[in-house]
């Protein structure tokens with residue numbers, strides 16, 4: 001009878017024994033309970049935390065944790081997606097109140113800082129991180145030269161060329177190496193600054209000293225803000241041309257405007273500078289002088305106007321109100337029936353003190369003797 005009891009305990013322990021499952025951060029892993037056949041009541045736990053399972057009536061149920069959200073259960077197969085470092089631990093498959101399988105999930109992540117190729121002489125850190133379990137596991141590194149490092153973090157204060165190659169991170173659980181993860185390290189030499197120099201030879205064929213010890217030239221593929229240097233050069237030249245054109249247009253407009261604004265002033269200056277010629281001219285009807293009329297054909301019939309006495313009377317003048325001739329307002333004063341009247345657009349009224357000294361244009365008429 002005792003023999004039968006001992007055999008039952010041994011078989012139960014063997015059936016509950018599970019595997020050590022290794023997974024990397026971001027991987028997907030599957031855990032199997034028994035032979036995979038459907039059981040009336042089945043539940044998966046991580047420690048005492050419910051992940052997923054079925055009730056006695058076959059109704060699915062799920063835990064409230066993050067790992068439960070990323071897990072799915074089909075029959076007795078538990079599938080965990082997007083592994084994280086916190087997912088490591090003991091997973092129990094409980095069927096009808098009995099643990100049928102206990103699996104150990106170990107989540108590892110291996111990396112080097114900084115990433116990419118390492119420069120000779122620079123500092124770097126190798127990390128091999130394993131999810132924490134109740135009884136381990138432990139981690140150790142083995143370098144390309146075979147030297148062992150009994151810690152999960154290896155600090156290289158000055159990277160050497162001999163550090164290039166495959167580094168092995170060994171996961172040791174309960175005294176046995178259960179997994180080895182490789183990390184390939186590439187080491188490069190730092191780029192050396194080069195200088196360009198030009199040499200010349202004399203008439204004897206000897207090479208003189210370099211004429212330039214550090215003649216750095218702009219590389220043809222130099223890029224600034226996504227554009228090559230010759231594109232920036234073209235943009236700069238085009239901008240200068242556009243600015244010059246704008247300046248030329250502005251100067252031309254100003255000169256034309258000044259010429260147009262000076263036409264009345266130039267006409268008045270010409271009149272006052274030729275007063276003597278105007279007084280000696282006999283103007284006939286049609287705008288021709290008397291000399292032209294007499295020297296040519298006979299003048300047309302009708303009255304002829306000749307110069308009379310040089311006495312004139314001011315009967316109207318135009319004045320300007322404003323800061324310059326280019327802006328402001330013009331008004332007119334006219335003498336009617338010995339009374340001065342101001343005409344300001346639609347407003348017409350008598351002017352007691354007309355500003356005769358501020359006139360812009362004056363009108364005179366000859367006074368009969």
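Positions of Cβ are set from backbone N, Cα and C atoms, glycine also.
According to TrEMBL, the domain 'USP' annotation covers 1-367.
If you look up TrEMBL, you'll see 26-109 (among others) marked as domain 'Ig-like'. Sorting each residue of the domain 'Ig-like' (26-109) by its DSSP state yields 7 helix, 45 strand, 32 coil.
Broken down by DSSP into helix, strand and coil, the domain 'Ig-like' (121-186) contains 3 helix, 39 strand, 24 coil. According to TrEMBL, the feature domain 'Ig-like' maps to 121-186 (among others).
Under the heading region 'Disordered', TrEMBL lists 286-305.
As annotated by TrEMBL, signal peptide applies to 1-18.
Residues or ranges marked as transmembrane segment by TrEMBL: 229-254.
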